[in-house]
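Trainee: Pasting in a structure now, in structure tokens, and then I'll have a few things to ask.
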Amino acid sequence: MYFLSFLLFLPAIVVSQRCELFPLIPLGMTDRYNGIPDSNIIASSRLNEQSKAYYGRLHFSDGFLFFRNREGAGSWIAGDQNTDQWLQVDLGERKVVTGVATQGRKGGREWVTEYFVQYADDNDGKNWLYYRDEYGSPYLFTGNIDDQGVAENTFLYPIIARYVRVLPQRWHNLISLRMELYGCSLESYIASYAGQGRIELDMNEGIQTVNDRIQFRFRTQETNGLILYAASHQTDHLVIELYQAKLRISINLGRTPSLSGLNEIFAGSMLDDGLWHDVLIVREQRMLNVSVDRVKVWLELQTEYVHLNLNGKLYLGGIDVFTNKQGILVRNNFTGCIENVWINGLNLIRDARTTPDSSNAISGFSILGAVGSACSMTSASSGIITLASPDAFVKAVRDPGKNLQASMSFRTFQKDTVLIYHPLQTLNGVTDKFVAVDLIETGQIQLVVQLKDTVVKDVNVVYSNRDPLAGKDQFADGLWHTIDVQLSTNSIRVIIDGALYTTVQKLDLNYNTLTYIGWSPDRLSLVNKNWKGFRGCIKQVAVQSKIIDFQVLEKTDMQGTIFNRTCAMRDNCMPNPCKRGANCSQNWDEFFCDCPEGYRDSAVCHESTFFTSCSEMQLLYPTISEKNITIDIDGSQILDPIKVSCVFRDNVVRTIVNHTAKADTLVDGFQLPGSFIYNVDYKTSTTALAELVRRSVSCRQMINYRCRNARLLSRPTLGQTSLFNRAWSWWVSRRGQPRYYWGGSAPGIQRCACGVTGTCQRGAECNCDSFNEVADASDYQQDTGYFTYKEDLPVTQLRFGDTGSTADLKEGQFTLGPLECTGDTLFDNAVTYRKTDATIELERVYSETELDIRFLFKTTQTDAVFFQITGNKTQHFLEARLKRGREIQFSFNAGFGVLSISSVAFSNSPGESQVTVIYNDNEWHIVQFERNRKEFTLRVDQDEIRRDREPADQAFQFLQFDGKLYVGATQNYNEGYLGCLSNLMINGVVQDLRGKVERKEVTYGLLAGCQPRCEENPCLNRAECMEYYSHYYCECGMTPYRGYICGRTVGATFKSSADIIKIDISQPERAKGINTIDEYIQVGFKTRAKVGILMQIRNEDIPANNRLGGPSESLIVRINNAGGITVEINLGFQWYEVTTSSLDVDLTNDQHHTVVVATSDTRLDNPAVIYIGRNSSMPVGFEGCIYNVQFNNFFPLKAAFQEPNNSRVFKSSGITENYCGIEEVLPIDDPAEIRPYPTIPPNLEFARPEDIERQNQIIIILAVVGALALLLLIGVICFFRNYTFERGDYWTNEAKAADLTDDPDVALQHAEGGLPAVRGQEWWL
């Protein structure tokens, strides 16, 4: 027993099989002769005889050099190139499979890039299961990238299978595959139960664990059953049971006064299918993770304890008595098979069967009742079919008669659908009389007999589910239900799940020969009834008590998409995809979430429509001074929303969080220290409030306590030393810590505000601690102040004491103010991009079933990339960009092609629905993007949300990235963004962009905060600054200046007194003239001559009697003969003159002077000409330099010197443009920035010099040895060549000395003594 206690105390690392030591052991595909035989390898199709299935062995074609004869094309090649192809391996027996490896066809440039894996652990290989991810979707494995490399994939969870299939989903050129499976032999210990037997383990000595690991497999066809039960004599217990075909785990680590400690979690669905299901339960203190068939759910246990204490018996398979057993909901034992039950290192089934005299026997085990050692259960899917399309149906033919009987078992999530349909009469192609059994919208079963008879009434009966465990979905709950409908001439009998419903009804009907299950070709009548085709699983279908054998039905009797011998339903609500505890409902195709307010724009209640803070709301409502709203700090499902009041005054944003405490709450009759307890309720979680406080610049909370004879912070004299004896009253921080300082004081100082400043009465710590029982018996004192220490806020609890009884004069009253916070560091988390190739590199993004991205931007750019992230191995990517200044686009690829969604700005104003609103208007805009299992959405500002669905024909795939997130440009530093970027949040986590810049982690082209270049107003002389962030442009058109920042003076040099500038500003006759009301004239000049016109504006009417010789209406600014300035205004009917002669100042001193003339109510009608220097009637004019000339919004000198020349401007040839001695003002150049080289990864190690030298020496030695070996090899070859020649002789008829002549004929002529034989030699190797 001590050995058992030791094992249960430790967290186990043992899995049900022993493959973890050698996870990549080949299972025989590579070894053709000693491994898996060719006959055990089959495929869906093949291209030809040279591409058979058994050629799909790993490294098959790589061995051609070692075989005399080449065989096959080098791999299995599918005959059809579609996603329905597969390569299947029969392992011969059930084994543990831990991984798979694949190759392409070497030299053919053909390989599989992505594939699914299916497996079956029965002996006939007909019940196939997908290898799924932790969310229940088929897991898409990554395959090869070339035709000869090996791509290995290790399963996160091993599977037990005899048959394994690889189903290619994407490929290069052709589906060509070679493969190998890895794993080990299965060590199986099975216990089979018939509802009576059980295994018991006595744990009376007590077991205590902090962490637990439980792993087992089971198969059953029952909906409910107790699998495992263990408890203590107190409240601790552990229950594992099958409840409504789901696995339910109930656990209690101990009860407290505030917490019951009871926790439960559900995992899996439709587990009564007779197939094997893998279960893994892991508890790490308060975190409980449950996996059923690799689909994960988790729960944080609501308890204050971490130990599981068990000191009773552990039951496996059932118990003897269900009475007073904590945590159990079912009332029957398990029926089925359980395999390899591992609990913290112990295999309960194996150890229970170990003989007591064995060396490794563990005492305390006993087997009671019938517990078998083999699983004889057959699959429940042999007589099952799945109707998978709306038009699928089964047609049964029967004999006509006066009675109708039809029965079936079904399971479905579909509502408002047909179960059984029997037409009675058809006229003109329309069935107007029929019998139908259907599931209505509420999930109840409805029997309809439509007769359209004036004597016999129609029948319409609704039946509810009588099972006390039935939920709101009634019969559409995914469980198996049976229905038997019997119609006779006098009654209607309906049996549902064993419950009999009888209706007395006379039905003198003739039933024809056809009965439809699930749907009917007679669509018209069904559409009129708003019925839909049944989609789900059916079995045991009988008509007129005759069982229908689906295997022998004709094709015409089974139409639509039908899967035979399997129930292909999937529970889309397990695990629950809905966040924030929302209820999940579903039909065959999809799930639906009943989201709370503020999250209904998200299909899974993930991303909220609330603002993240008051500062964000102010961006869209800048004119509002105060508003009550709900904010969501992280914008997603992690933190709870908070109801706040936003106050905008004096350029300060205040966030106010109210609570339920009322002002002047009475405290009376609580004498002991802290005996009065008030829990402050802010209607949100403390975690959300903590994040609000953390992000705020400052926070405070007011507290006021009015007391009469009641002390506050003074120490009680009770003779104790506990914390409860430290003060009469205190408050509790958000972290649950008691605080003994009051408003206006600080942590560690047990005083009130007056105690800190020394102004408390009688020198006490607080005013309430200074009362005198004689002098102040009926007087009230008070202590008030603000808590300002952010680490403690908000106040979560108030504790008061020393208020006597309700009959005396001791009492107190407290008022706790709301939590007030100012500022938002999230909105200070902004950066400015000033270079198009500047980027901030963030760590890779982890995207599971949900991905939400939220950010703010402000720019004047037309096209740019906000951020980009890629997966080099998976080819996945995600990108956000601005297009044409009016479109925000998100694009991503999760393995099934590029998907994109755009938000184009349109005005929401009435009558302007087609007017485009631009996003590059240098104003802040909010972007929200979300991707979940159902859809992906995009919203900009408060525009209408844009939605698009995930591909319906593909399983949902996670975005898998292995690269960094590049913010500001692409990963190649192209198409960069210029502007301000702020509040980048990914899955509710704020990305610290500003911190990276401030910490100098990245500086190129970036500034901390939002710092537009025009913010400092670099343009001079009231010029308009045009923002481009990388640079700026000063629009000088409305100023009399030029230059980069409008700091260059535009002047003219009048070298001769005869020089003149004349500008025609008259309007065409058909146009209305220019009439001025107010005039603004500015002229700068520098001269020595006391004569000349600085500017004159006049019209064209020149009366003969005008004493000035000028126009009837004019305005002249001229230099008078005293060296001053004279302004003359002639309005035709009145003449004015203003002069500077009274100032006694001579302005003709060759210095710079500026004249500014501003008039009002002086109407000039149709001004036509502007003169500078002199007018046409003056013989002598200005001589000197004139600059910065302005008439209202017209700048004559800029017009005079513009290029090309203006035909309406005349100027003397001697007049030239001149700065008039004023130096141009230029901006300070920005410091030069050079993009830094890519950063060196921190885990990269450089070779040391001694290592390089040693490596070079090794290379030299190897080269010398190689050269010597080569020479030796050449010598050996020459030696053997010389001594392996065979010498031979042959006869020749050539003449002697033929080799000494030029021609054989000549040799014959000179031959001596005829033609003697000559011995020749020939050598051959």
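For all residues, glycine too, the Cβ spot is worked out from N, Cα and C.
Note that the structure is predicted; figures quoted are calculated from it, not measured.
Marked as domain 'F5/8 type C' by TrEMBL: 22-184. Here TrEMBL flags 188-375, 374-567, 829-1010 as domain 'Laminin G'. Marked as domain 'EGF-like' by TrEMBL: 569-606, 1011-1047. As annotated by TrEMBL, signal peptide applies to 1-16. The transmembrane segment annotation in TrEMBL covers 1258-1280.
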Trainee: Any chance the domain 'EGF-like' (569-606) and the domain 'EGF-like' (1011-1047) have 3 or more Cβ pairs under 8 A, given the pairs are 6 or more apart in sequence?
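Mentor: No, the domain 'EGF-like' (569-606) and the domain 'EGF-like' (1011-1047) are not in contact.
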Trainee: Counting only residues 6+ away from its ends, which parts of the chain sit with a Cβ under 8 Å from the domain 'EGF-like' (1011-1047)?
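Mentor: Sequence-remote neighbours of the domain 'EGF-like' (1011-1047) are 832-836, 858-861, 922, 978-980, 1082, 1187-1190, 1193, 1195, 1197-1198, 1224-1227.
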Trainee: Provide the three-state DSSP residue tally for the domain 'EGF-like' (1011-1047): helix first, then strand, then coil.
Mentor: 4 helix, 10 strand, 23 coil
Trainee: What average pLDDT does the predicted model assign to the domain 'F5/8 type C' (22-184)?
Mentor: 88
Trainee: According to DSSP, how is the domain 'EGF-like' (569-606) divided among helix, strand and coil residues?
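Mentor: Its residues fall into 0 helix, 8 strand, 30 coil.
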